[in-house]
Each structure stands twice: as structure tokens, then as C-alpha cells.
Amino acid sequence: MTDNLKTPKVNTRKSAEINPPKDLLQVEDVQLLAEGITTVVTLHLKAHHLICYSSPSTPPQGTSTPSKPAKSRSVVFAYALFSSVIYRPTPPTSSHQSSIRIRTRDFRFARLIFNQDKQARDVFETLKSWNRSIQDEKLVAACFSASAPLAERDVNSSISSRASPASSQVDLDLEKVEGELSDTEKLEDQMISASSKIEIQDAPHIYGAQQNNLIVDARPTVNALAMQAAGKGSENMEHYKFAKKAYLGIDNIHVMRKSLDVVIEAIKDSDVSKLPPNRDLLAKSGWLKHITGVLDGSALIARQVGIQHSHVLIHCSDGWDRTSQLSALSQLMLDPYYRTIEGFVVLVEKDWLSYGHMFQLRGGYLNSEKWFKIDKDAMAGSAINPGDRGEGRSDTFETLFQGTKRLFAKTQTSAQDHADRESGDLLEDAKSANSAKEATDLENISPIFHQFLDATYQLLHQHPTRFEFNERFLKRMLYHLYSCQYGTFLYNNEKSRLDARVHERTNSVWGYFLANKVQFLNPQYNGEINDNVRGQERLLFPKLDKVRWWNDVFNRSDADMNGPSNAVTERYLGGDMTPDRGRSSPSPRPNPNNLGINQGVLTGVETAHAALTVNRTSSPTRVVSNGAVAGFATLRDGIAGLGLGKGKSASGSSSGANGGNSPASWKGKGREMEVEMQ
């Protein structure tokens, strides 16, 4: 029977040799510092792993050969495990060597030290090009090509060559629209168009066919690149060749909070004085500059969608502050529906509440001990006077009072007091834990939604016939943002509101607005849409030179907040007091030497092939390099030299290619960028 059993056939043919993946980059004589031990290795950058290979050491001459040959050792890092990659360049004159510090998700730390800075930079750029998100790239490419026929949706193909369905909107008279744009807006559009290697055809204006698809990074360029230098942050446009990226100079939540604090300081004497606010402080607050920047960025997005018929992706650091502002305001400019009461409610629900803006954290609804202070100045006989900072006095009486208080506290050492404190430990611990959980985080309060309403007020004031609601509607919404009378703006996200059963336990603020709709109607509203009639167009854009103080919100008169100009204010906001020709009175004009509201929010445009930086006095500056953007790379190097990962600014003496991009020249930006990265 065994003869009948068939022996399995064995394939004696040699299996085809599988060639190992080629190195993306190989660098010799690199020092690997890990666990306090330095090893000289050769780096092999593969498609998915970084391999640090150490060759076996050769025994010294005259010694016997070991019985067992020494084995080579290798340390392998998978790119997918990288959580932080920080490149630290050094100037040629430095005694230190350039290095890369790697931290992985399985809590390994390693530092690679290079003989040449170019080696370190090449390795860093290569690692960054493979610590990317393929899923994100494909998702964005799919969204940007959504208007193309199915057979032509290839992420590597040119979007400009694809056919698109006819636009759902009436094409606008572009010459008329462009004629109404300010010089700042024209410059921004010129920068975005000039950054493309593909010419924009005048006709037909079909949605998605103009190769102006845009990724908008709302952060200042320096902040965005600082996060990128730390291994986080922003898109590498080498992998988003189907789009351009525009950097907007909109500051973070901390800058906005400090700006409002200065405004409050300027108007705080309204209880004791009828004098107008401190106009110098109002100007120095930068509040109008920030509002103008948000409006400018939103208008840029609206022009790309409504006029250039392109797709736009918006993001900032987290995506629930500046992103919500830009997204909501651009839709307000694009779609007349959102200018109705019902549409505005939908817009807030969609782009703020459902999107996850942290109303509780940004609004600071909960308690904070720092909000309650005791001012003992009256005990010393002093009165409150306009201009006082309200922080108490450090006079002799106060010193004596505090000293007596401390002495009295030290004498309370009775046994009963000790027993009371001991028995109350558990209760105090519980109170402390609950207090820490419920207390307001003062460092995360920021008037982000307030700014959105302020920017909406600017549009309403400049286009009074285009909105169904009136100013009172916006002012009451700001009031109920903080009143906690309704559950709409409670908690930080939709899940928290669902878990707390807010919809069951509280009323909605929208019910209040709809029940009292007649109070919030704009009598000048004209809801007719006709793109061929001035004042009835579908799109509307802000007049950046007409941005003003929303005086009613600050309980001040229009004359107090928007009264006669003064030289200090105009100079700070970017204007001068030189009279225009033909005018009898001074009229502020943009001053390119000042950073003010007359300066555009766009700070740079980047593609896979080129980068443009802003030059307000002439045409955009174009910087082109092979496969990388030289200007941005130099800026990135300067930022990396700051050592942001260590929480402090580093200094340096070398100059970059442009002379001003050395680490030393960025010292003043250190704190702001650290805050951005937190």
C-alpha cells in the first residue's frame, strides 16, 4: 500500500531572489547616542524603517583572532512609531555638531550626531517625507478632484486638464469684481496665481478647473514652520502637488486674549468717569488688526471658491478656533442663506457647536479664585480714580496689615485647630480635586466666538441691506454666550452635551431668538438675489479699510470708540496722517513700513515647486528650487536652531542664505512659537 502513496512533489527550482529595498539614503560615520552610550553607525534609510547599522570592530594588530567572529549589530526604528523628530542645525563655526533627536511611541529616545550639517538636513527631510499621512493625502486629493469625471480621478494627474460639471452659480463679471478689490486683495490673488506653474485660463470659469485649489494654514508662517521643524504641524507640499498652501498671519488664542485684556484696560473707567476710553490703549490692543485679519483671510477663501471656482481646505493648529472663524465667515460671504436668521443659526450649529469649538474652555464659564480680589486701598483712605490699575497699593499700611496677618496665623497652634485640620483633610482633598476639575483654565480663555460675531457685525455694518438680522441679534448672542441661561453653548463638544442630557435639561437659545424674531429683524433687508444688480449680488466681501469698533458691545458711544482720529492710533494701525491730494482733511493711508490693519493677512504661498513671500512694496518675491523651497527651508533651519523642544530659545551667530534667518534673529519669536506648540 505504501507503494501506492504518492509522494508530494517538491519544487527544487530556486525561488526567485527578492531584492532588498534600496536605500533612500545612506550615511556613514554617524554617532548614535542612546541610553547614554555612543556608537558609530551607518544609517540606512529604507522605505519604512530607519536602520542604524554598526559594523563589527576589527581587532588591533598583533592580537589573536577571536574564536567566534564578532557580529554586526543594528537598531531599527519604524517610521510609523515616530512621535517627534527634531533637527538641530549648527553654524559652520560652531564646535557642536548638527543632530537629530528621535522619540518614538514606544518611549525610545535616540540622538543622531552628524559630521556635516548637510547630512543631518538630508536625513531629516527624508525622514519627514516618510513620517507623512498617506490617508490624508489621498483624502484631500479625492476631495479636490470631486468635481472631475470618475474615470479621470487620478491623484497624480493634473486637475487643470479635467472636465467639470457646469457651475451651479451664475458666473460673475470678473472685471467688475476685480475693480472693487483693494490693492491688498489684488496682491493676495496675484500671489496665489503666481505660485502655480500652470496658467489660469480665462474661460470657461468652471468650478474646480482653474488649478487654484488651496490649502489654507491659518497660522503665521513662523509658527507653522516651528511646529513642522519639531516633527509636527503642516503639509509637505511635495505630497500635495495638486494644490497650493497659503499661510495666514492670524495669531493664536493667547494673543487674542491679551488683545482683549488691553481693550478692557482702555475702557475700564466707565463706572467712575464720563471721559472717552484711552485711545492709545485701544490702538495698541491690536483688536481691530485681528478682526481685519480674520475678515481678510475669510475673503481670500471666499474669492477662491466664489470667483476662482476652486476647492479650499482650511486648518490651523487644532482646527476648532481659527478654522471655525474662517470657515463660517467665508460661507457667510458666499451664501445668502447664512445671512438669514435661520441660516445663521444653522451656521453656528454646523461650524461651531457640531464641529467641536470648546465653548466652556474658551468662555471660562466656571469658577476661578483669581477673579475675586480684595482691594484694601479704601482702608488706607484712598479713593478710586480714573487710570488706576485696580491692583491695590504697596504702601506702608498694606505692609503692616500683611505682616500682622502672618503673625496672627503663626500663633494659631492650639490642639483644637490641629484636630480640626486633621479631621478635615479628606473633605479638603475632595474639594481640591473637584475644584481642579471644575476651575476655569485662565490660559485657555480666548474671545474666538466673540471675534466671529464682531467680524459678522463688520459685514452687517458695511452691507446693511444684505442681512435679515440686525445688530441686536449679534449682541444678544454674545450675551447668551456667557449667560449660561440656555444650554446651547455649555460644555466643550457635542458628546459632553449629550452625556449631560443638555437637550433634556435646558432650553435652547435658538428657541429664544425664534420666539422673539421680530426684535431681531433688519428693516433694511433686501433678500432678492441678482448678480447683475449692484447691491443684490450673491457674494459679498468686506471693506477692510472700513473696519471699526463695535462700540455697543463695549457699552460705549460711537463717538467714544470711533471718534476723531489721532496720530498715535493711525500710526499704530498702519496709516499716516498725510492728506490725500484733493482732500482738505487728513485721511489715513496704508504705510508699508508698519504692520497694521491695512496690511494683508496672507504671509506666504507654498507649492511643491515654489514659494512666494510677501513684499508689500513691489511684486511678490518668488523663490524656486529643485524639489524643495529654499526660502522656507532657510526659515525652517532658523526655527529649528531655537531648540523649541527644550522650551527655550537658543542663540546663534551664523546668518542664513538671506542674511536674517539665523537662530539669533528669531530669538524674539521664541515665546510666541512655544505657546503655539502647546
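Quick reminder: no glycine exception, Cβ is built from N, Cα and C everywhere.
Residue ranges 118-138, 412-432 are listed, and TrEMBL annotates 412-432 among them as region 'Disordered'. Taking the centroid of the Cβ atoms of Asn252, Ile253, Cys316, Ser317, Asp318, Gly319, Trp320, Asp321, Arg322 as the substrate site, the other same-chain residues with Cβ within 8 Å of it are Ala218, Thr323.
Each residue contributes its Cα atom, and for Arg322 (substrate binding site) and Cys316 (active site, phosphocysteine intermediate) these two points are 6 Å apart. The average per-residue pLDDT of the prediction over the domain 'Myotubularin phosphatase' (108-554) is 80, rounded to a whole number. In this structure, the C-alpha atom of Cys316 (active site, phosphocysteine intermediate) lies 9 angstrom from that of Asn252 (substrate binding site). The Cβ of Trp320 (substrate binding site) has Tyr355, Gly356, His357, Met358 as same-chain neighbours under 8 Å, each 6 or more residues away in sequence. Taking every pair among Asn252, Ile253, Cys316, Ser317, Asp318, Gly319, Trp320, Asp321, Arg322, the residues listed as contacting substrate, the largest Cα to Cα separation comes to 12 Å.
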